[in-house]
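Worksheet: one structure, shown below.
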Amino acid sequence: MWKNSSIRCLFAIAILCLRSLIYGQETGSLGHPQNLKCITHNLRKMICTWDVSSKGRHGQTDILCFKTKEKKVEIPVPESSSTMTITTNSISGTPFVTKEFEIHKKDISFVPLTPRILSLTPDFSTSTLNLKWSDNGSVFLYGLDAFWQIQILRKEPGTNIRRVTYYSKLSHEDMILSWNWTSDMPLECTSHYVKIRCYINVTQFVGPKDWSDWSPIEEIPGKDTEPNGSGVYPQDTVVAVGSDVTICCVHEKGQQIQRMTYGPEIYPMIRLSSRSSAIRVLNASASDTSGTNVVCRLSEDDMDGTVLFVGYAPDTPQNLSCETSNFLKIKCTWKPGRPSGLYGKRRTKYSLFERISGKNVSCEVNEMNRERVCGFPVLADQKTYDFVLGVSNPIGQTESLLLVDLTQKVHPKAPEKLTVSGNSSTSVHLHWFINGSFAEIRLLCQIEVSCGHSERRLHNVSMPGGEFSTYTAQLNALHAYTKYQFRVRCSAADHFWRWSDWSRIEEHTTLEAPPARGPDIWREKSPSGKSLKIFWKPLSLSEANGKIVSHEVSCYLLETPLEHKEVTEPSNSTEIKLGTSDCIISVVAKNHAGSSPPSRITSVELPSDNVKTDRAVAMGNGIYISWNSYPNMTCGYIVKWCHSSGSEPCSVDWQKFPSNTTDAVIKSALFRPGVRYNFSLYGCKSSGYQLLKNITGYIKELPPKRAPNFTVEETSSDSILVKWEDIPIEDCQGFLEGYRLSFAKGEKDALKPTLSESGNPELKVKNITDLTKKSLKILDLQGKTSYQLDLQAYTAGGLSPPNSLYVVTKEDSVGLIIAILIPVAVVVLLGVVASIFCYRKREWIKETFYPEIPNPENSKALQFQKNICEGNKTLKTLEMNPCTPNSVEVVETRSSAPKIEDTEMMSPAADTTVPEDGSDSETENHVVVSYCPPIIEEEISSPPMDEPVGSSQVVYIDIQSMYQPQIKPEEEPEIVTTAGYKPQMQLPVSALKIESCSPAEEELDKTAGYRPQANTNAWNMDTPDSPGSAESNNENASFGSPCSINSRQFLLPPKDDEDSPKPSNIGWSFTHFFQNKPND
């Protein structure tokens, strides 16, 4: 590094001087040098500093022959390690302390010089600070990388709000560096401070490197430091959509801010200083054309504010295009893209700069138009232009480039002063003017020719351009007596870019010419054949070549005219008389320019046999007909049609076809849906025309206009006969396919819907497809019932509206008679069945409802022994007679069946089988019980004196206990009690007297079996024949004894005898009704 020999020599001498010094010491405390530090700022010289360990007398320090009174020295930077001797001298100059320091290059620190700020300039409109400083690059011998750290402070100098690093490249000379910083807060809101320091990256330097010291702080005072700086900041500024905006309000001392609003919304305030507060609007949305108000309310009567305009930066122009219309001015157009939302003085501004010539043009555009336009003058002798379209607004700017060859971007203006002239029926001349200088190019002009509603035709004409010239063109092959419309447009012929706009339309009518051909003709013979009606079709405009004024009709026979007529317009038919022979008809059309060639047709009509009528088929907007090929038809076919109604005048039309055609679709503007058309197919021969067949059809079938009229011819109790009429052809509107008769029960009601709409479940429908049938009989109806009948006709197009009738059927007399006879017959039949049943069940009925009273004398139960009664050896019924028997033997028989037929008496005696009635068995099981007859006092007016009175014994035979099955305690038998024999005892009621029984009789009560009832208190006195009944007239009244047939009380065991079974279901059972008992 150190190649200079003088510097090296000087450094060596300094070291020798230090070594040769004589060190002196003085008395007292001495200071020793220490903490040697060396720093370089420019890599050439270094500043070394040290400290003294203790206080001593102030003196002088000698360092390498350098004398200094300070503790630092500036010396050259050594190339490598070196030794430094520091000698401290007394005030008198006597050295007293010497110390050597070993200096290594790695111990030398590199610290750049402190930067110096040259200027700090604020831009309050954009809240931007511009900082300028010098890089001190001249102190270094070669280029180095420098890093500058810039610190922004707000409010107080120590408040750091932003720190950035700026990079630069040092050169061999001093350079002024500049840096801009935009604050997120208006600079007016509060004071801002800036300081800077530097770091230089010296890669070859091995020692430590560090940042420089901070520069002195530069201040930009805010409005809150000024006496009259109150207001809302920023003032009427423009920001981009989506920005975060800080708005502050600076007020005077002593005032307070009540609130701050952005638009309608109140925002929280941020305190900046004692006189300044701010609000923060995040993600600001686009404002309207007048901006958004910001209001700072200091009091109810004092406020301040500003307007914030929020919009978009301009879009890059799209579809930039430049062209010329006259080689005098260039017109550039573009689409601006998204609207900026800024208007007035803040609107987007455009400028057009041409880089070849260096000419710049400011563009005045309308913000409301979607397409922008800017003009640029055509420069002499310049065909190529390099345009730069610049776009800017307060938020941003952009540009678009375009290179254009003007000769290839020619777009002429619309031709002017178009005129048409000509005195021919087939050609015209056109003249027009174009404003512009086109002498250097050729023009291509296009002429549009149209005639009424016909197709437009285009004719291209190429011609040399001129200076503001008039151009001419001729058109040929036009039609005579035709009104044409002409218009013109032009463009460059060699390099087509765009057509000009069309000129205005100019009309012209060509002159007349004779008709191009004769009219299309047809003829119709009268039924008598004596006259002929000739029809012709009008010629088209292209064929008439003028206005047809008349038609000349002639009749020729062998070139000899028989009749001649001239029919003026607008008639298209005439009638001529034929006479005795046919002729050739000739028709010629005439206009002011001449006559057409004649059209000829013969009046001969060949006879036809078996002409059939077919149906045509609708096809689209026409009617399709077909026919067989007829080889002898040499000159084609003619299809003629007319309306089917035959109303006059009949509009006759026809169409001709070549002989090789067998089908066709007939179309006419007069065809209407639902109208029947009759077609006649004629074949053409050299000798005349022959009718081949008739065809009828519709272009579209519709539902019939109305239903047929119908009436009820006959009505019965179960049928109705209806008849209907035909529908006129005009009302059919299609080929009739049938009738639909609907009927259902229903009363007449004006508001009632039709049967098809009523949804009646009883609705029945009859479909009649036989069109020859005009009546129908409806069967299986109900008598004396109202029916609604609906009749409709239908075609392929649908159903007609219905015709309705209401009919009431007659009353059904046979049904009434049957309704009466059937119940009578049922009753008679039931009576016969009941009689037969009663006859067959007579015995059972008699036994069930009217049982016979048995004769007590025939009862085995009351057959006594021979010695029971004196003087009578036959068995007799127990009777209560004045004679007192000694004993009674009662035999009770148990039946083989579990049912008890005659009595309900049961006994606990042992089971004994007793033969049935009529059995010869004499074996009987007798049970002898004691019987104590009651003592009965009979009051007789003259009692016999000779009748003995005494006691006797009755022997009981328990019949019931002999047949009654044993009953378990837990089972209760079903006992059916029937009316049967009841033993009776007849005595005069007045003679009855009840006595108490003997003890033997009380013992007998405890036994089971039959015993007479002597307790008169238990007698049923309610029966008419009871002894106490007032209604009883019998002398021997029954008192309910076992011998009485009127007894309703059975002789049962005592109530306290719980071992005896209890009878149940007293009376006759319903099951007996179906049981046939054998006869007794």
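Our numbering is plain: 1 for the first residue shown, then up by one each step along the chain.
Positions of Cβ are set from backbone N, Cα and C atoms, glycine also.
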## Note on the structure
When TrEMBL is consulted, the range among 508-529, 596-617, 904-925 described as region 'Disordered' turns out to be 904-925
#### Entry: Long-range Cβ neighbours of the transmembrane segment (814-839) (under 8 Å; 6 or more residues past either end)
717, 783, 845
### Task
Could you please provide the mean pLDDT value for the domain 'Fibronectin type-III' (414-513)?
92
## Note on the structure
Secondary structure split (DSSP) over the domain 'Fibronectin type-III' (704-813) reads 9 helix, 46 strand, 55 coil
